[in-house]
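Asker: If you scroll down you'll find the structure; I have some questions about it.
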Amino acid sequence: MSHDVHIIGGGLAGSEAAWQLARRGVKVRLSEMRGSGEMTHAHQTDGLAELVCSNSFRSDDDTKNAVGLLHYEMRALDSLVMRAGEVAQVPAGSAMAVDRDVFSAEVQKTLEAHPNIEVVRERVDALPEAGLTIVSTGPLTAQSLAESIVKATGQERLAFFDAIAPIVHRDSIDMSKCWIQSRWNKRTEASNEDGDYINCPMTKEQYLAFHQGLIDGEKTEFREWEKDTPYFDGCMPIEIMAARGVETLRYGPMKGVGLDNPYDTSEEHPQGRWPYAVVQLRQDNKLGTLWNMVGFQTKLKYGAQVELFRTIPGLENAEFARLGGLHRNTFLNSPMVLDRQLRLKGAEHIRFAGQVTGCEGYVESAAVGLMAGMMTAKELAGDVWQGPPRTTALGALLSHITGDAEAETYQPMNINFGLFPPLHEVKKKQRKEAYTTRAKSDLGEWIAHEVRVSA
């Protein structure tokens, strides 16, 4: 099939961009390296839009949470990623989490069935010299293409590190020591009856021993060329967090507040005391057979992981479907090398989208892919792109990536209200809701005036 646009990379951003283009009548060639005999060291399958790190799209609260607002805005623009996420949704309290396999399969099925999309399993080693192109190769860009990008952008480095959390088989968890509950008993329509997290409590003595085990455990060594590569805080390995101080984890992923331990009750606390520390597991698939260890991204060696994690109450006989790991991410200094439409300065036929632009997170990656698809469709139609207002989550994210961030200190960024034009006149308690109310109103006006789709 001849094509109007070539998309390189079939992750979240590339898949979303392909969908947005195809539903506007644009012919798309979607090149994905996996399935051609090539594989990254972090992916497990050759499925489109595979989720490598967590299975969570984070908060789905569109009234007081920035990523929840981004969910809302993407749904308003018929996002394939959000549509597939709803098909694959699993219970996760007030968050949105998905069954990885169901999600990837839904995205792939939808794209392969679309007459305007041709999915081609091939590795692309260099940036095309001509033709409208969207590069959405993500954090695991092949070395040859990364070198081509470095040459085209004049950058010295494109990389930082992410860590992956372990996944445990549900039937290997000893529920006589754990209980199911969401923090503060928060629920959503997708929630399980009792709650959405398995909680493994720790006493002070157990926590201190576990903390020391994280410090002492044997860790993956970096190769020489990797040693100066920084971490992104959003996927900070738990042992790195532990090294920051003995209390750091107790105020982070292992905090016990809002969780009532039914095995530690008293007259004063009939529902149970809050544990000194806790390890939480979140459902990872629709069947409920796999649960991931929340916040437990790690670069401990496999043997050290098994030994240490089996000291956690309830996980003494844990069987791991996947152990934690470390992978290298790739991103551009986008404020320096991209224009306001995500085009590479000096080679404007090429757009970048997704995590390679320096946005961080599944939803953010897909959102940038969505906008790249819309921009490219507008360009093909000979129309002028008027981007979403900066007061929206989409507009705030795009503005940050394409020029509002400081180029000298640019780092991967999740969507957050700090990227929005401030509302200083609104009291702090009402400010988050004011941001989302303003965004929804402005998005509605933008869609009415700018978004014309013949799907």
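Glycine is no exception: its Cβ is also placed from the backbone N, Cα and C atoms.
Take a look at what Swiss-Prot says about it:
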BINDING   Gly9, Gly10, Gly11, Leu12, Ala13, Gly14  FAD binding site
Asker: Report the same-chain neighbours of Ala13 (FAD binding site): residues 6+ apart in sequence with Cβ closer than 8 Å to its Cβ, ordered by sequence.
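Answerer: Set apart from Ala13 (FAD binding site) by at least 6 residues yet with Cβ under 8 Å, we have Ser136, Gly138, Ala353, Gly354, Gln355, Val356, Ser365, Ala366, Val368, Gly369, Ala372.
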Asker: Which number gives the other C-beta atoms within 10 angstroms of the C-beta of Gly14 (FAD binding site), all protein chains shown included?
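Answerer: Its Cβ has 31 other Cβ atoms within 10 Å.
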Asker: With every protein chain in view, how many other Cβ atoms are within 10 Å of the Cβ of Gly10 (FAD binding site)?
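Answerer: Summing over all protein chains shown, Gly10 (FAD binding site) has 30 other Cβ atoms within 10 Å.
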Asker: State the three-class DSSP label for Gly9 (FAD binding site), counting H, G and I as helix, E and B as strand, and everything else as coil.
Answerer: coil
